[in-house]
Amino acid sequence: DEVPLMEDVDEEGYGFYAVRKAEYDDTPETAKKEAEKLYYPSVTSVNAEEKAKILHDKQPRFLEDEGFYVGTRPKISGWNVNKMENRLIKELHREKWFGEDGRMIVLPNPLRPTPSRPPIPEEQEPGLEVQYRKAIMHEFDSRYIDGSLDNAGYYQLDVDINSLSFSHHHLFSREHVLATRLSQLYEEYMDRQKKNMAEYLSEKLKALKLSAVHLKDHMAAKKSEHNYADRSNFQKRLQDYKDEIRRARALRDKEEKTDRLLLKAIIKTWKDIKQQREKQKFINTPLKLQVITEETNKEFDLTQWKLEIEDELEEMEEEATEIYNRKKTEYEEALKKHAEQVKAKEDARVRIHKRSRKQSTKGSRASLGSKASKHSAENEPNPEEEAKDQEILNEPEIEIPDKPEEFNKEQARKDIIAKAKEIRRRPGEPKLYPEVTSTQPITEASKCPRGEQQRRNDVSKCEMFLKVLFNNKEVSRTSSKPLTQEFKLNFGQIFSLKIVQWPESITYQVYETSGFGGEIICEINSSIPDSSVTSQSVQLENLDFSSDHRVNHGHEGVGSGVPFSFGAKNEGTETLYTTGELRCSVAWAINDQGELLVPPSTQEQGNMFYAMRKMDPVTAIGAAGVVDIQKLAKWFEDSRLDPNDPANADLVYMLKSKGGESALLGPKEFFRLEQLQEEFNFCDDEAIDENKRFRLIYLRDSEVTEFKNYKMIPLLDRDIPRDTFAEYEKKKREEEKYKEEKDIESHRAAVSKFMQRVREQVIRRFRLLAHQRRLEDVINEEAVPNIALLGTSVLKLTERRRPLRVERKERKKVVPQTIDNVKILININRAVYVPRRVAASRGGAMTAREPDKAVKNIVGETQVQPFIEVMFQDVFLHTEVGDGPNPSYNEELEMPFKAPNEDYTPGNLQTVTDNIYLNLFDQVLIDIQEDDRQRGTTVHQRIEKKWLGGLTIPFSTVYFNGKIDGTFKLNKPPVLLGYTQGPDEEEGTSLRSNEENTYLSVFMTIEPPLQPPEPMRERFATTEDEKLLQYADNWEKTLNAKFSDREYKTTVIDVNGKTVFVTRYFKALEPPPDIFGSSDTEVKKMEVVARYVSMIPSVSDSVVFPGLCDIWSTCDQFLQMMAGDEEEHAVLLANYFLYMKKITWLIIGKGIPEGPTAYVMTEQENDYWIWNAGTGEHFSYRDSYCPLQSISCLINAENIWANVQQYEKPAQMNFDLSQGASWRSFFTRSFPNTGIASYQPERLYYKPTNKNAVLDLQEKIETLLKNKIMEWRSRLITRWNRHCTQIMRKLLPVLEENLGHSPGEQHLAELESTFSAYKVSGFPINMPYNEINPIVDAVFSTRVHAHDTSDVEFALAVYIHPYPNDVLSVWVYVASLIRSR
C-alpha cells in the first residue's frame, strides 16, 4: 500500500503523468449551442394530429383483423418506441417508416405487390393417391422366443442331474466332521504332489545357479577381449540371474513350507480321529491313514543341508552387502548435505548480524559530509540478499538417517538354520508318504450307544429330491432318494425341457423330507448355456451350495448352524453350516436329424430379459461361475459394468484382489448414461455388416471400383444375387495373401499398398470436382447447324463416288443406357516379313543366322502358312490361313466385350485392365501315317500351330482413342527355333533392318462407339504464378485454334491434385550405377538405361486413378509405386539422358498402338533418335516404321516448342528449333524464362534387390508354369526334357546381356547341335515383372502347349535378372520337341 502504482505522479500534474477528472464546460453559452444543434426526442407518445397527417386523414387499417397472418411484434419498451417515433416524425419522407395502422413498421409486409394464386391440378396424380387399409392387429409378446405362444418353434434344453454329496450335514457325527476334514486335506495333498512345485523350483534353482557360474567364468576368461558395452551387458545379465535365483528360492521355500504344514495337518487330524474313536468307543467312518516311511542317507542329507545353507548365506551376504553399500552412500551424502546446510545457516546468520550492525550505525554516517553520505549509499543493504538469507534460515533441517549396520554373518546363519528346520526335512529324517484308504470296518449299530443309534435311524429315514425351476417356475422334479450313511445321493436323471420363452434362469431347489413334511435346504443357480454347448459335448460340472438353516439334535448329530465341540480340554467350539456339491449339467438338445434345438442368438441378444440377465452374475454364469474368477472377470467385461458404480464395489474389489485386469477394473475416462443402450438398439453392428443390401449401398457410396456404378439395388436382401461380392472378396483375399508372403512379393505388396494410399488421396481430392456437373452432362441435345456446315453437307451430295477409295466416317457416340451388344471389330489386312521354315533335313533346329540356305518347295516359294489368332477375355478368334512370308488377309473379326457389372459408363470402362492379344502362328501339317502301304489311299495328318510373334494392345488404348489403325511391329523372340528370316537367295538383295522384324497392319474399333470420358476442365489448386498460367492458357488456345488435333501441354496435374508447370519435371538424375556393367560406349550405356526404364511395369493412369485426369508423378514417386504410364517412363528416361550430358527432349504426340503418348528424342551426330521408353527401343526419325506417328510439341527444362509445321510425322518434319515458322516456343524475349525450379528430388536412392528372393521367385514362376502346362494338357501326358531345359537356362542370361537381341554364333551352334534329333518349336519371352498372372497369360496365348499328342516333350526355363530397386526382367524360354523319325 505504501508503494505507488506509477512513479513520478503528483496531484498538481507537473510530473510525467497527471490524474484529474475530465474537463467540461458547463457555461450557459455551451448549453445554448447544444440546444440549437442537437435534438432530444421526447419519450411521450406521438399526438393524434401527427398520426392523422401521416395517414393523410384516412382510417387506420389493421391486416390482422382482415385475416392476414402478420406475426408477433417484437417486445420493445414503450419509451424506446415513443422516442423512435418522435425521431422519425421529423424525417423528410416519414410515411415510409409507418404502416397503414399508424404504427412504426417492425414486421415484413405479408401482402404481395401483384395478385397470384397457386395452381390447382384438375386431376389427382396417380402416384399421390392415398389408399386406406384396415389396420392389422398382431399380439407380440417379447417374453416368447417367436413372439407368441402359438407360433413357438421347437427349442429344447437337456438338464442332467447326476449326484448330490454333502461336505457337512446336520446329521454328521463328530467323527464325520473330522473324516471330511481329513479327506479334504488328503485331496489337497495329492493335488500338490501331482504338481510337485517344490521339486520343480529346486531344479530351476540349480539350473539358474549353474548358468550364473558359467557366465562368471566366461566374463573372467574373456575380460580382456570385452569392451565397455559388452561388460555392461554381461553385468546386467548376471544381475538378472541373481534376482531370478532369489525369487526362485523364495517360491521354493514357500512351497516346501506349505507341503510340510499340510503333512502335519493330516497327521494331526488323524490323531484327532483316533482320539474321537477311543472316546466314543465306536467307529462311524471307514477312513484309515497309513504313513509310509522311506529311510534316507543322513550323511548325504547333511552335506546337502550344509551346502544349501552356505549358498543361501552367501547370497544373503552379497545382497546385504549391496544394500549396506547403498545405504552407507546415502548416509554419507545425507551427512554431507547436513553439514553444508549447517554451515550455510551459520553464514547466513553472520551476514544478517553484520547488516543489522551497519543499519544501527547508519544515522551517525548520515551526519558526516557528502563524501560519507556517498560511501553510505554505496553500502546500502540489498533486499534480495536479505530475502535469500532468510530463506536459508527457514529451510527445514535435513534429517540424518540411521547409520547402516554391517552384515552379521553368524546371526544370519542362525536365522537360515531356524527357517530350514521349520520348513524342511532334517538330515536323516525319513520321508513320510501318507495314504488314506476306506478299509476301516464300521461298528454295527447294535453295538453303538443309544444316541448314535438314533442318529443312524434319522439318516436312514432322511430322503431328498430336487426341483428344477425354469424362469422361476417349476418344470420337473427328481424322485426321492434316501440319504446314505456316506451322505451321498445318486439321481442319474435327465430332463428334456421344451421352452417357448427366452431362458432367464435355471434353478435347482434341494428338498429334504423326513416323514410327511418336506423342507427346502437351499437353492442352486445354474448358468444359461451358450449355443455351442450341446448334449453331445457337454461336461458335468460341480456346483457348490450352502444353507443357513439351523438344526439342533439331541443325539450324536452335530447339527447345522449351532456350536459344538469335540470334548477335549481347552478346546473351543465350532459352528458349521450345511454345505455340499451338486454334479449336473445343462445343454441344448440335438434332434434325430442332427439339428441343434437352440433359439436364434440375434433375437436373444435383443431381448430385454436377456439384457437384464447380464446385470446379475449369479443368474448369468451361475454360482460356480461366481466362484471361478476367470468366468466372473469375463462376465464383468461382457456386461460392461461401470467400475466406479458403488453398487459394483464388491465385485471390483474381489477381482482386483485376485489379479484382474487393471485396464478393465481401473477408472475409465467416460461414464454411461444408459447401461442397456446396446440391448435396445434396432440391431447390432454385426447384423448391419452381414446385411448384403446395406453392404452394397455402403460400397457404392464409397465408390469402390466394383460397385460405384451399380444402378439398381433390390429392396430386399434375398433378391441380391449370391455372387455379387465374389470378385470383391477374391481381390481382398489376394491382397491379404500378398501381405503374408515374405519373398519378393512383400515389396510388391508394399508398393501396392503405397499406390492404394496415393489413389485414395487423389480420389478424395478429385471427388468434389468429379460430382460437379456441367450443362452438357445433364442435357443431351444436338448442336444447331450453321450455314458453313449446311453448305458442306450439300457439297457432299454432289461429290464423285469413288468405291475403291473408302473413307471411314465419324460415328455417333452411344449413350450408356442404350447399349445392348458391344463388340470389338478387328480388321486384319496383311503381314509382312513373316519368318519362314527351314529345311526338315536339318532336324528343324536351324535358326535365323543362315538366311541364304532356305529351302524352297517345288513352286519356288518358302514354306510358311501364317494366320493371326486374337484372344480377348478368354475368347479366341483367328483368320484364314495365309501362304508365304507376306500374306494378305483382309478379314474382320468380331470379339464380344463384356464390361464389369454390365456397366458401360465412362467411369467404369476406365477400370478395365484386359488386354487384346494378337498372335502370329504358322500352321504346320505333320504326317503321322505309320503304315507306308496306306499312303496312296489314306491321309493321316496332325495340324500344329507354332508361335512366331505377338502384339499386346490394352483395351484402354482402343477405348480412349476410339480406333487403332496402322502397321505394328510384332514382338518377335530373338531366337526362333526352326525358322529363318530374310530375302530369298535368288532375289540378290541384302538383309535390310526392316526385314529383321515382322509387321502387321490392323484396324481396330469398338461397335457401337462408346462414350469416352470427358476431361476435367476445372481449375485445380496451384502454387504457380498466376501470370504464367494465364499466359499458358492463351498460348494453348491460340495453337488449338489452328491445330485442333494436336495436343499441347504446358501444365499437368501431380499426385497432390495441384497444377504444375510441365518444365518442372525435368532435371538431370543419376541412373543406378550398377546397371552398366561392361558397357563401354555411350550408345551401349544409353541402351542399358533405356532397358532399365522399360523393365518398370507400365500401367495406364486410367487404371491407377479411374475417372480422373492424367496424373504425372515425379521420378521418386514413380520408382516407389513401380508402375506408371508412358509419361512417367519418358520423363525418367529423359532425366537419365540429361545426366549423361545428352541433348534431350520429351515428345508429346501420338503413337501406335498407344494413341496420345510421350517419347524421348536425343540428338546424335547427324541424326535424331526417338526412344520408346516403354520398350527400350530407339528409331531414327527417318524410319518409316517408327511407331511415333505424330509430334505435337517438344519439352525440356528450358522451354516448350510447339509444332506449327504442316506435317506432324517425324520423317517429314524439320527439327531446327530456331526456325519460328516450324516451331513456336513458349518462352520468348517478350515473355522470358525467369528460372523455374525443378519439381524432381535432388537425387534418386536405389535399394539393392534381394537375390535370394529373386531366386525363390524364379523357381516359383517355373514351377507354376510347368503345372499350368500340365493342367492345360490334362488329357495327355506331359514329358519334360531336362537336358534341353539346362541349355535354355544357360542361354537366357546371354539374351539379357545382349539387351534382348540375338545371341552370338557359338550359342546358336550349341542349340543346333542339341536339338539336331528333334523337330523344335520354341522361343524366349521377355517382359517386366509386376504380377505372375500376366506371365501365365502370355505363355498361354502362344499356344505352345496345344499339341494333341503324347509323343511330344517340353522344355521350360525361367530366368529373372534383378536390377536395383526391385526392377526385374523376366525371361521365359518354352519349347516343344518331337523326336525325328
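Glycine residues also receive a Cβ, built from the backbone N, Cα and C atoms like all the rest.
Feature annotations, courtesy of TrEMBL:
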| type | residues | note |
| --- | --- | --- |
| DOMAIN | 15-134 | domain 'DUF5523' |
| COILED | 231-258 | coiled coil |
| COMPBIAS | 339-350 | compositional bias 'Basic and acidic residues' |
| COMPBIAS | 351-360 | compositional bias 'Basic residues' |
| COMPBIAS | 381-398 | compositional bias 'Acidic residues' |
| DOMAIN | 427-600 | domain 'CC2D2A N-terminal C2' |
| DOMAIN | 1110-1226 | domain 'CEP76/DRC7 peptidase-like' |
| DOMAIN | 1256-1375 | domain 'Centrosomal protein of 76 kDa C-terminal' |
Non-local residues, at least 6 beyond the ends, that sit with Cβ under 8 Å of the coiled coil (231-258): 192, 197-198, 201-202, 204-205, 208-209, 211-212, 215-216, 218-219, 223, 312, 315, 318-319, 419, 422-424
Chain residues in Cβ proximity to the compositional bias 'Basic and acidic residues' (339-350) (below 8 Å; excluding those fewer than six residues from its ends, i.e. six or more beyond): 389-390, 392-393, 395, 397-398
Segment-level pLDDT (mean, integer) for the coiled coil (231-258): 88
Helix, strand and coil counts within the domain 'Centrosomal protein of 76 kDa C-terminal' (1256-1375) (DSSP): 56 helix, 34 strand, 30 coil
Residues in the domain 'CEP76/DRC7 peptidase-like' (1110-1226) grouped by DSSP into helix, strand and remaining coil: 24 helix, 43 strand, 50 coil
